[in-house]
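I have placed the structure first, in the form of structure tokens, so that the comments after it can refer back to it.
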Amino acid sequence: MLIPSKLSRPVRLDHTVVRERLLAKLSGANNFRLALITSPAGYGKTTLISQWAAGKNDIGWYSLDEGDNQQERFASYLIATVQQATNGHCAICETMAQKRQYASLTSLFAQLFIELAEWHSPLYLVIDDYHLITNPVIHESMRFFIRHQPENLTLVVLSRNLPQLGIANLRVRDQLLEIGSQQLAFTHQEAKQFFDCRLSSPIEAAESSRICDDVSGWATALQLIALSARQNTHSAHKSARRLAGINASHLSDYLVDEVLDNVDLATRHFLLKSAILRSMNDALITRVTGEENGQMRLEEIERQGLFLQRMDDTGEWFCYHPLFGNFLRQRCQWELAAELPEIHRAAAESWMAQGFPSEAIHHALAAGDALMLRDILLNHAWSLFNHSELSLLEESLKALPWDSLLENPQLVLLQAWLMQSQHRYGEVNTLLARAEHEIKDIREGTMHAEFNALRAQVAINDGNPDEAERLAKLALEELPPGWFYSRIVATSVLGEVLHCKGELTRSLALMQQTEQMARQHDVWHYALWSLIQQSEILFAQGFLQTAWETQEKAFQLINEQHLEQLPMHEFLVRIRAQLLWAWARLDEAEASARSGIEVLSSYQPQQQLQCLAMLIQCSLARGDLDNARSQLNRLENLLGNGKYHSDWISNANKVRVIYWQMTGDKAAAANWLRHTAKPEFANNHFLQGQWRNIARAQILLGEFEPAEIVLEELNENARSLRLMSDLNRNLLLLNQLYWQAGRKSDAQRVLLDALKLANRTGFISHFVIEGEAMAQQLRQLIQLNTLPELEQHRAQRILREINQHHRHKFAHFDENFVERLLNHPEVPELIRTSPLTQREWQVLGLIYSGYSNEQIAGELEVAATTIKTHIRNLYQKLGVAHRQAAVQHAQKLLKMMGYGV
């Protein structure tokens, strides 16, 4: 829940000097990316910008405090500021920020700019007190923000120092509007106006000018002088002389003498107690100070000029000037040290009563009250966890003694989930084991079941499916029906375990159950995970169209719940890329893989391994070996600098081995084969994939017998487990083995099986990557004219893809080939006496390659009627009557010239 006062622009106070000369400079702020107002405390930065902002509608204001160094908190408030300025225009980003569904601040800002592209009027965002930000991630993100923000947006930053926002670059490019302390300092005229507003008896212009010079135009000093003069403690000029030459860091003594010592004791205590609040309203003041009518007391303090300012138009929220607030907090620690814990406890209770647990935790920590902190966490920690307030929770749990955690195992579980979310799997098990050892009766019942559900998730993440299955089953046996989150976790883990074991039908049912439960209870990341798993299972079963439809449901869920920034989004676009690749939609597959890389742009490069492998697959299917080699260099570098799941390694190895096959690199294949892992089983798609990689390398090396043993066993497992996509891939590799071993009838038999199975899977590219050997076999099958209609159509499609991407279009019918053919002693006399033109040779090559008339016309960029004329002429010259005879004639010519076809 966001504190309204942090998003409210300060109210323009009466009796303030209107800074006309500075407002004139700010009037052109819309021409700059950044308006930067910098000065030490007390120079009137906030007052100036609140004057400038008055009357503007498309403006948002964000007042920072120390707690805003948490990235999630900063993001929530900044997006809320944009929503304030745009009247709710950026709904997607607002949801993403509220639910913490973004990978990083920069990716959230990128989505923000997409939404703001439709906002065309000038827009202003004010960030006050930016000097409080010390988090380098936020600095880097704000540099990204400034580099990429829309032209119609101006960021206004108020800071006591020069922020780390790439200022020099903006200055060089004339995209920076700067106002510093020298410009903020009051002029003689402004000082005279100031005193005339504040003092009942005006002072002479000359004296006003001398006072202004004595304090170098420092607004806070002028305010203190006016306060002293009203309290009749000193003359204005005497106060000015005392303040001359000092700065904000040396004000404490002066403020004690001139402010605190000149108010009654009740007001002094009111100031000191209320200063612990970063923002305050009537209820907070009443609870913290013990005084009734808190609102009236605040308004009285404001009238006395004691550095209190309103934070919103309603007048409900107030805060002290930062300079004065810091001073009061220091004095409170000295003067009210014994009472301070109780004051913080009162503040925490009041914040809790108003529904702000994050602020309550801040005061409970300051009070050192472990019991209060424990109670807040017991009531609100899971809500904070689900909103990704992870840093705050971690700090809070560290502040609790271990005994307190043991007395409340729910907090131990929370700490373990925090570790799990940060991939600290070993620490999770250590923590839970320690807790179980020390907590009586924890080894049974609901809490033990929740521990087991979390342990099961850790085990499957850590690649231990047997342990994950055991723990998930135990959890489901012991969990009551109402413990929905842990039941979702355990059900999901059990479904994933069954997927790993190849029990696809049971796994699919559990993942569908997980999806249903997760949707019912709004646990959207598990709903998305279950859909991704369902798609993978359906793909493995060979139901690619149903897998596609399941992916569509997942994309819809991402859009509805704004999950675009979750790393799981990359998983989804990657399996979409795999499906598109299988169907030879290579451009779309490549685009999906690149979008996956974009989702992971803020993560370690190792996370991009799978998408990079997919890009290499696209290059290989196109026959673009140069590009594949370049990408492989990067992939192999990543492989050597990370620890990966076996599925990831299998996919990476797949593109390496295919590349070696295409380039004939037997040395690389042999070296890899000596060192690669040989899995114990082959009962899921990634283990099947690794064994297929091994068989492909063996075929390349001519080790046909061991490769055949591997592939036959893979096929047996695939058939028994209904891994139909793997069976389709295995048959294609077995076809290559038989073809290269000279077992042409066996090769044809398994190719026919593969073509038939492809009616279910829709595979195209899996055939294409086998290149010319596949093309030769498909040409023969097409010429036999015995294929069923669906298989005939698919064979022609595959042949076209091979011809398109693997550069076999006219390789045998170019000018050099024709010249050698005509000089060959066995060339048919008909061709000598009536030679074909070069264009007719090209057409014959395309006919031989399986092109239709329309495709030949498109390839040669001529009209279809022209192609018909060429075909008629070459038929006459060759003495053939139809297309199949022309193909057979071309094949004879190629054999005569020594080409294996």
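First residue shown is number 1, and so on along the chain.
Here the Cβ of each residue, glycine as well, is placed from N, Cα and C on the backbone.
Regional average pLDDT for the DNA-binding region (853-872) in the model is 87. Per Swiss-Prot, the feature DNA-binding region maps to 853-872.
What Swiss-Prot records for Ser39, Pro40, Ala41, Gly42, Tyr43, Gly44, Lys45, Thr46 is ATP binding site. Packing around Tyr43 (ATP binding site) is summarised by its Cβ count: 28 other Cβ atoms lie within 10 angstroms of its Cβ, all protein chains included.
Taken from Swiss-Prot, the feature domain 'HTH luxR-type' covers 829-894, and the record attributes it to sequence analysis. Counting residues of the domain 'HTH luxR-type' (829-894) by DSSP class, helix then strand then coil, yields 51 helix, 0 strand, 15 coil.
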Same-chain shell around ATP excluding Ser39, Pro40, Ala41, Gly42, Tyr43, Gly44, Lys45, Thr46, C-beta within 8 angstroms of the CB centroid, reads Arg160, Ser181, Leu184, Ala219, Thr220, Leu323
Per DSSP (helix/strand/coil reduction), Lys45 (ATP binding site) sits in helix
Ordered by sequence, the long-range same-chain Cβ contacts of Thr46 (ATP binding site) under 8 Å (at least 6 apart) are Pro10, Asp128, Leu158, Gln309
